[in-house]
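S.K.: After the structure tokens below, expect a handful of questions from me.
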Amino acid sequence: MEDLEYVFKKFDANGDGKISASELGSMMKSLGQPATEEELKKLIREVDSDGDGHINLEEFTELNTKDVDPDEVLENLKDAFSIFDLDGNGSITAEELKMVMASLGDACSIEECRKMIAGVDGNGDGMINFDEFQIMMTGNMNK
């Protein structure tokens with residue numbers, strides 16, 4: 001749950017406790033998934049249970065936990081992994097992690113990136129492969 005709150009706060013750029021269409025658009029663009037204003041409004045309408053035109057933490061949590069299809073989760077993880085794996089070689093290096101984090105507005109040093117990688121680097125090669133990425137993101141080893 002705290003992971004979802006962390007992600008929510010990344011989307012909520014102005015810190016007002018809700019995600020607007022423009023905040024959603026900025027984050028999607030930085031993840032390589034630009035959307036039109038109409039697409040963004042439609043996405044928000046689909047999860048905006050209180051009808052205020054924004055996504056609050058409760059709605060965001062519901063969106064990310066209800067009726068989760070394992071195949072869809074795996075596809076989403078693969079898509080996310082490919083965003084971090086800049087050279088497409090199947091591993092995420094500290095340098096790649098640093099570049100992607102900076103593009104998301106969360107700059108960190110190369111040493112901090114190495115520490116993040118070390119926390120999930122099961123085979124000790126200094127990089128994150130997809131299995132390690134999956135464990136990091138979901139906390140389990142389902143393939």
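Residue numbers in this text run from 1 along the chain shown.
The backbone N, Cα and C atoms fix where each Cβ goes, glycine too.
TrEMBL labels come from automatic prediction, so no person has curated them.
Since the structure is predicted, the reported quantities are computational estimates derived from the model, not experimental observations.
Take a look at what TrEMBL says about it:
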DOMAIN    1-34  domain 'EF-hand'
DOMAIN    35-70  domain 'EF-hand'
DOMAIN    72-107  domain 'EF-hand'
DOMAIN    108-143  domain 'EF-hand'
S.K.: Please list the DSSP helix, strand and coil residue counts for the domain 'EF-hand' (72-107).
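M.R.: For the domain 'EF-hand' (72-107), the helix, strand and coil counts are 23 helix, 2 strand, 11 coil.
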S.K.: For the domain 'EF-hand' (72-107), find every same-chain residue at least 6 residues outside the stretch whose CB is under 8 Å from a CB in it, and list them.
M.R.: 10, 13, 27, 30-32, 113-114, 116-117, 125-130, 133-134, 137-138, 143
S.K.: Report, as numbers and ranges, which residues of the same chain sit near the domain 'EF-hand' (1-34): CB under 8 Å and 6 or more residues beyond its ends.
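M.R.: Result: 40-41, 43-44, 52-57, 60-61, 64-65, 83, 103-106.
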S.K.: Where else in the chain does the domain 'EF-hand' (108-143) make close Cβ contacts, counting only residues six or more beyond its ends and a cut-off under 8 Å?
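M.R.: Residues 70, 73-74, 77-78, 80-81, 84, 90-95, 97-98, 101-102 contact the domain 'EF-hand' (108-143) from elsewhere in the chain.
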